[in-house]
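TrEMBL has this to say about the protein:
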type	residues	note
DOMAIN	37-469	domain 'Major facilitator superfamily (MFS) profile'
TRANSMEM	39-60	transmembrane segment
TRANSMEM	80-103	transmembrane segment
TRANSMEM	112-134	transmembrane segment
TRANSMEM	140-157	transmembrane segment
TRANSMEM	169-187	transmembrane segment
TRANSMEM	193-214	transmembrane segment
TRANSMEM	276-301	transmembrane segment
TRANSMEM	316-336	transmembrane segment
TRANSMEM	343-366	transmembrane segment
TRANSMEM	378-402	transmembrane segment
TRANSMEM	414-434	transmembrane segment
TRANSMEM	446-465	transmembrane segment
Amino acid sequence: MVRIAWTDLKPFAPTVILVRSWCARMGKLPYYFAHQNQYIAALAASYGVLTIGMVFGWSAPAGPQILENGEGNLNLTDDQFSWTIAFMPIGGAIAAIPCGIMLKSEGRKNTILFFVLPLLLGWVLLTWAQAIVMMYLGRLLQGFAAGAYSMSVPIYIGEIADQRIRGTVGSFFQLMLNLGMLMSFSISAGVNVFQLNIISGFIVLLFGPIFMLMPETPSFLLKRGHKTKAIETLKWLRGPKCDAFYEIEQLQLEQDALLNQPKKSIKKSLFTPETLSALLAMIGLVTFLQMSGINAVLFYATDIFMNASDSLNHEVATIIVGAMQFFGTLLAAFTVDRVGRRWLLMISAIIMCVSHVVLGVYFHLLQNSPAQVENLEWLPVFALSLFVTMFSIGFGPVPWIMIGEVFAIDVKDLASSLATFTSYALSFMMTKTFNPLRNGLGEAGTFWLFGGFCMLGAIFVFLFVPETKGKTFDQIQKRLASSKVYFRAEK
């Protein structure tokens, strides 16, 4: 490991001193309400996800401006722009395994900070691209950060939050992702692609200094032998009335129990009953998350509205969809610790299915009997808005909340890597096959196919996904190891 001496930082001394001063002030921050500092740390980490949301939201408004208005330094074909979109999920899939290794060796906080660099460089390449390969590379680098934050931020939040608010702060991930997309949709209505890229890059620049003020997770500090620091961090997170010493002692006992167990290979650790059950649930959830068609819909939202009606204001319709998606995640933040994970997932999947069916019917009638939908131009906006709202209540935030809840500490990083790799690999597949599907099955057939996957997702949750609301880690692990089916009430 490379160690940096203070003398190496002399040129940056004012900045370092300023950051140290901010950190000292954060440590002495007055405690005004319950869980205050946990909310602050979770929001700071989720700011990084907001920057990723702007990456996800970029393609919908940028596509028509680049392809139809000729903006940017390059003249792209539809296929080249499709690959520009697709390189982002490729990057997310590639980053999954290395990020898992970094989380284990360098910690949660340092991993999150490291991926600011590829994200910022990605915007630089995208903004000043002189060749198509620069755009591909820029999106690939942005994908690295997207994949890394999809893993590291839920783990960070899961380890700093106590079980009473774990669901609420866990929903910040999807909330900020959707806010980033909404910002990208809204900003693009008043600026060109170059200006959108500059604004997006500037927002990334702000994230690094903000997150530097946040602590490493107590769990990782304790794992590295920094017990005193872990106690101080837990006191800051939980508040002055918390018995930090007792909590750290309990955490120490759990970690010692793992260390004292006979050494297991990665294969044996992954093939325990509780880990297998958790992997089945998580990989299944991220699979149905992507097969719902969410990223294909968001990446091509403006294009879908252009196909739906010539008289629609496509930019406004896209902003409405983004706003409804953000609204749905706000609802999730207030309901996930009240209603429970399973109910939110099942309700979400069923209503998403209905939305796809309605959208498919609209496009079927538009193609075969356009007079019947002449006065129904609001319907695709309503159906897509309902779809993204219900996605944001259930299948958007809940899988990423549960990733931080269901895996034991010795397999959490690797298991999260596998789930993230699956998610981004499927995102790439859905992004690249969306246009061929529309050409082969038609708009109607494509949305009906997505609706079928949503219904299968609801059935999967009913059969294979446990409830984790309000449960301790030990309770979750016992439930996962149990042979009792999940749709039976627990006594």
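Residue numbers in this text run from 1 along the chain shown.
Glycine is no exception: its Cβ is also placed from the backbone N, Cα and C atoms.
Note that the structure is a prediction, hence the values are computed from the model and not measured.
Counting Cβ pairs under 8 Å to the transmembrane segment (446-465), the stretch among 80-103, 169-187, 276-301, 414-434 with the most such contacts is 276-301. The transmembrane segment (276-301) shares more Cβ pairs under 8 Å with 414-434 than with any other stretch in the list 112-134, 140-157, 343-366, 414-434. Between the transmembrane segment (112-134) and the listed ranges 39-60, 169-187, 343-366, 414-434, the one holding the most Cβ pairs under 8 Å is 39-60. Contact check: the transmembrane segment (193-214) against the transmembrane segment (169-187) gives at least three Cβ pairs closer than 8 Å, residues 6 or more apart, which meets the contact criterion. Of the recorded ranges 80-103, 140-157, 169-187, 316-336, 343-366, the transmembrane segment (39-60) has the largest number of C-beta contacts under 8 angstroms with 169-187. Sequence-distant contacts of the transmembrane segment (169-187) (same chain, six or more residues past either end, CB-CB distance under 8 Å): 38-39, 42-43, 45-47, 49-58, 60-61, 153-154, 157-158, 161, 196, 199-200, 203, 298, 315, 318-319, 321-323, 325-326, 328-330, 332-333, 336, 392, 396-397, 400-401, 404-405. Only pairs six or more apart in sequence are counted, and the transmembrane segment (80-103) with the transmembrane segment (414-434) gives three or more Cβ pairs under 8 Å, enough to call it a contact. Ranked by number of Cβ pairs under 8 Å to the transmembrane segment (414-434), the listed stretches 140-157, 316-336, 343-366 are led by 140-157. Taking the domain 'Major facilitator superfamily (MFS) profile' (37-469) as a whole, pLDDT averages 85 in the prediction.
Non-local neighbours of the transmembrane segment (316-336) in the same chain are 57, 60-61, 167-168, 170-172, 174-175, 177-179, 181-182, 184-186, 189, 298, 301-302, 305, 344, 380-381, 384-386, 388-394, 396-398, 401, 469; each lies 6+ residues outside the stretch with a CB under 8 Å from one of its CB atoms.
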